[in-house]
Amino acid sequence: MEKVNVTVALAGNPNCGKTTIFNNITGSRQHIGNYPGVTVERREGVRRFLDRDLVIVDLPGTYSLTAHALDEVVARNVIIDEKPDIILNVVDASNLERNLYLTAQLLELERPMVLGLNMTDVAQSMGLEIQDQVLSEKLGVTVARMIGNRNQGTEDLLKAVVEIGAVKQNRPFTIHYGTQIEEKISQIVIALEPIVDAKYPVRWLAIKLLENDEDIINIVSGVAGGVAVCSSVGQIREELKGVLGDDLEMIIAELRYRFAGELYRAVTKVKGSNQLDSFSDKIDKILTHRLLGLPLFFGVMWLLFNFVFWVGGYPQGWIENGTAWLGQAVGSHMADGDLKALIQDGIIGGVGGVITFLPNILLLFLGIALLEDTGYMTRAAFVMDRVMRGVGLHGKSFIPLLLGFGCGVPAIMGARTLENPRDRMVTILISPLMSCSARLPVYTLLIGAFFAKDYAGTVLFSIYILGIVLAVVMGVIFRKYLFAGEREPFVMEMPPYHMPTLKGVAVHMWERSVLYLKKAGTIILAVSIIIWFLSNYPSEVPYSKDFDQAKAQVEEQVEAQIAETIYQPLGIEKLEDNQELADAVQKIEEVEKQTEEATADLEEGSPELEALQQEKEAKLAELEAQSPDLYPVAQQYHEFDQQKQEELDKLDKEQTGEKLAQSYAGQLGKAIEPVIKPLGFDWKIGVGLVAGFAAKEVVVSTMGTIYSVGGDDKDAGALQDALQADPTFNPLVAYALMVFVLIYTPCIAALSVIKRETNSWKWMIFSAVYSTVLAWVVTFAVYHIGLMLGY
């Protein structure tokens, strides 16, 4: 059977449930891109229904089709230029009056339309009864009732779409704007009909010209005779303004709102009191309280970060063990050489170290998704409006900044919803200062290594708060010196509170995890291999001494001490000559090893650690009681063996350090070390920071690769141990490094989006330079203040 395509433009206000319905219709068959010529996201999906291929184009959520924002222009241009077969207008039944304003504008475009009456359950709980049949008759469109978050009514909606799509007949729709305005509209229509393209509804063009819509004025002026028409309309505007006493754009908007209000009252019956509004109002009195709102917001964020650390620690440990096992399993089946080292150290050690932090990333996005879906994030924007006003921005600018907690790319792109170009530019430049999820693995690694678990969430919280503070400070500076101008008023809808859906939250987490793993399999993999190569080559380097000879000398010296102190008095030549002694040594080593493994993740002074130490002492005392004569000798042998191993490990680290220092990575790190040394950083940290230009997670994989050269353990726990053993690191240096990673240049993906959004190389380069300079200054201050305070 021949396929029949029906193009459907999905339009609606923000928070009307449009995205949920789009997901219900299209499922996983979606494609995300950009509209040509602009950076507004374009989302499309396909659904096969009743022998029709429905191509769903999800238009940007917008309150109107004026020319004040990119989203609005894009939405109306898609309808006019692409001529979709049907407009599917999703409206929120619980906020029907406000939603009908956009509906009226869509109908004026004279395209076939279906009205999706969503959230009817919420409207019912508010005591609102929408008479959809009356609404359908008055608008001349099919109305389908639905509850999007339960996927109810989707089939009926699609049937209506297919039926209207088969007819493809425009229904005439007219709002009467009053006798005086209507006379002028008719006059302009007569002037336009001979000259304009047929794709434009002529009456709609006339109204837009009266509204002084710059986009439409440019289109009409571009055709023969259009300039004269526009000049004539300008005179008409001034004439009507003198008669009506106000700007025509305002008058026409008021008349549309009046139409929406009258229609709402005609189709809606109110039963009882509005309990839902009353409940929402009671919550809002607390969450948006002038004094309590801000502390509550920071309290919510503090709880979120503690949740990320406490809960994420368990699956993180499982992945660490799995990564370590994988490295050992792969290594055991490969011959020693560069290929084995590349796979173990470069790929498994680098990429595996980043994947270890996937649970923390998912938990962070879980928290953000829950806060967004409940409606709390909008309240947070309202609360932050008081802070943002000090920057010269308003609370709406805080929404893109909140998105920055997840990823800087959508945060920067989110600035396009701001009407004022100055607000957009300032928001784009300060968005990267919000700590994105890509930085979380760095924080988790360093906090886990140098800070007690009880304080982990608070330390992480402080880093995020620092990002917010710096964004505010830089916003003040940019608004005052680079983008001075009047501030815009803050107008934003407070959507009713919703119970998040399991499907919605799961989809959000799935999308983020797929993106994270894709990045691990592409950018991070590539950088890990490059860093491994730079860390291992040149393979032959001159050493300060003969390490093989030094290791042999250590073994000879310790063996001589053991022979003199233990073997000769017992009349033996090697340990195996006295089986009872060998058994005692083995039992002591087993006790020590079991205790070391059990206490690896415990903090100093913790009751669990003390209990295990006491258990160890009890086991050793039991061994001594079993062999009172041989136990002291076995213990002395064990101490000699430990001394030998410590000396050999010291020589191994010294040799590895010299090789790394002379590798290509070492040479790069040494070149930038003078710049970062005042921050407490060494060349190894410098290599990680340079690699982090590609993606911030790469800082972890780079450190894992550098510190695993010559070692066997590649999991994050082993990397934390290696950092703790490095004399460069201490809690102050770890905190300073987190501060630098928070602030310095956005990653390549974010920089490319800044270039696209601003259409300027200048601002992209400025963003990278100013943030890196700011990172150096702030980190210098943090490090040296810490030193003065004795840390």
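Positions of Cβ are set from backbone N, Cα and C atoms, glycine also.
Keep in mind that TrEMBL annotations are predicted by a computer and have not been checked by a curator.
Noted in TrEMBL for the protein shown:
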- 12-19, 37-41, 58-61, 118-121: GTP binding site (BINDING)
- Asn23, Thr26, Gly27: Mg(2+) binding site (BINDING)
- 574-626: coiled coil (COILED)
- 5-167: domain 'FeoB-type G' (DOMAIN)
- 291-312: transmembrane segment (TRANSMEM)
- 347-371: transmembrane segment (TRANSMEM)
- 391-413: transmembrane segment (TRANSMEM)
- 425-452: transmembrane segment (TRANSMEM)
- 458-478: transmembrane segment (TRANSMEM)
- 516-535: transmembrane segment (TRANSMEM)
- 732-751: transmembrane segment (TRANSMEM)
- 763-785: transmembrane segment (TRANSMEM)
*Out of Gly12, Asn23, give me whichever of these binding-site residues has the highest number of other Cβ atoms within 10 Å.*
Gly12
_Criterion met for the transmembrane segment (291-312) and the transmembrane segment (732-751) (at least three Cβ pairs under 8 Å)_ = no
*Secondary structure of Met119 (GTP binding site) (DSSP, helix/strand/coil)*: coil
*Could you name the stretch, out of 425-452, 458-478, 763-785, with the greatest number of CB pairs under 8 A to the transmembrane segment (732-751)?*
763-785
*Pop the Cα-Cα gap between Met119 (GTP binding site) and Asn23 (Mg(2+) binding site) into the table, whole Å please.*
16
*What's the most sparsely packed of the binding-site residues Gly27, Pro60, counting other C-beta atoms within 10 A?*
Gly27
_Alpha-carbon spacing, Lys18 (GTP binding site) to Thr26 (Mg(2+) binding site), which is rounded to whole Å_ = 12
*At the Cα level, what's the spacing in Å between Thr26 (Mg(2+) binding site) and Gly12 (GTP binding site), rounded?*
17
*Show which residues of the chain containing Met119 (GTP binding site), separated from it by at least 6 in sequence, have their CB under 8 Å from its CB.*
Cys16, Gly17, Asp92, Ala93, Ser94, Ile147, Gly148
*Measuring Cα to Cα, tell me the gap between Pro60 (GTP binding site) and Gly27 (Mg(2+) binding site) in whole angstrom.*
19
*Using C-alpha atoms only, work out the spacing between Gly12 (GTP binding site) and Gly27 (Mg(2+) binding site) and round it to an integer in Å.*
19
_With the cut-off set at 10 Å between Cβ atoms, which of these binding-site residues ends up with the most neighbours? Options: Asn15, Lys18._
Lys18
*Using a 10 Å cut-off, grab the number of neighbouring Cβ atoms around the Cβ of Thr26 (Mg(2+) binding site), all chains included.*
20
